[in-house]
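Peer 1: Before I ask anything, here is the structure I am working with.
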Amino acid sequence: MTAYALSTPQPIRPWPRWVFDLLLWILFLGPIASPLFRATGLPLVSDAGVLARDLLAAYICPTPERSFWLLGWPMAVCARCWGATIGLWLARLSIGERAPAILRAYRSLAWPLRFIIAAMPFLLWPLEIVGHYSGWWFAPLWLLLLNGVQAGFAAGIFFASVWPGLWPVPSRIAG
């Protein structure tokens, strides 16, 4: 006789929330630190600011020349990318037990659908970039910032919904 042991699936262990928050702080403060480091004029500190700007301009930010200036130096990323970090923070502060009903409804969707919905606001980025480089329009920095905030908010809501333990599915109360 063969006996089978049925096992119940183990719940997904939550990841530490502080890691998510630390990543958000780095994303938010990093672009600000670059011009501050450069403004010091100190040999290694200023070089670290230049390195941050060069790396982000080469590999992350699509339009580094469209950045805000701080103390006479450009931030490490464009206004759109920095707006995305602000949007990520707004999303982080909007989730949880007291999230608005629309966000709770979003959280109840399957993750592929959440991903598609979160990707929609990013469609404005290539449209704005192509329009800028084609000479069709020149969007002011505040508009780039708003474009980044709305896309970053959508991305933040998605990341919060898939980060284990950050935004738990609400429990159903029988009654």
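Count begins at 1; order follows the chain as displayed.
Keep in mind that glycine also has a Cβ here, set from the backbone N, Cα and C atoms.
Look at TrEMBL and you will find 18-37, 68-90, 111-127, 139-163 tagged as transmembrane segment.
Show me how these features fit into the shown structure, please.
Peer 2: Here the transmembrane segment (68-90) has Cβ contacts under 8 Å with residues 24, 27-28, 30-36, 38-39, 49, 52-53, 56-57, 60-62, 125, 128, 141-142, 144-156, 159 of the same chain, all six or more residues outside its ends.
The list of residues near the transmembrane segment (139-163) in space but at least 6 beyond its ends in sequence, with Cβ under 8 angstroms from a Cβ of it, reads 15, 20, 66, 68, 78-92, 94-95, 103, 106-107, 111, 114-115, 117-122, 124-125, 128, 131-132.
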Peer 1: Where else in the chain does the transmembrane segment (18-37) make close Cβ contacts, counting only residues six or more beyond its ends and a cut-off under 8 Å?
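Peer 2: Those are 45-46, 48-50, 52-53, 56, 67, 69-77, 81-82, 85-86, 88-89, 92, 159-160, 163, 166, in sequence order.
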Peer 1: Should anything in the same chain at least six residues away from the transmembrane segment (111-127) have a Cβ under 8 Å from its Cβ atoms, list it; otherwise answer none.
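Peer 2: Here the qualifying positions are 62, 80, 147, 150-151, 153-155, 157-158, 161-162.
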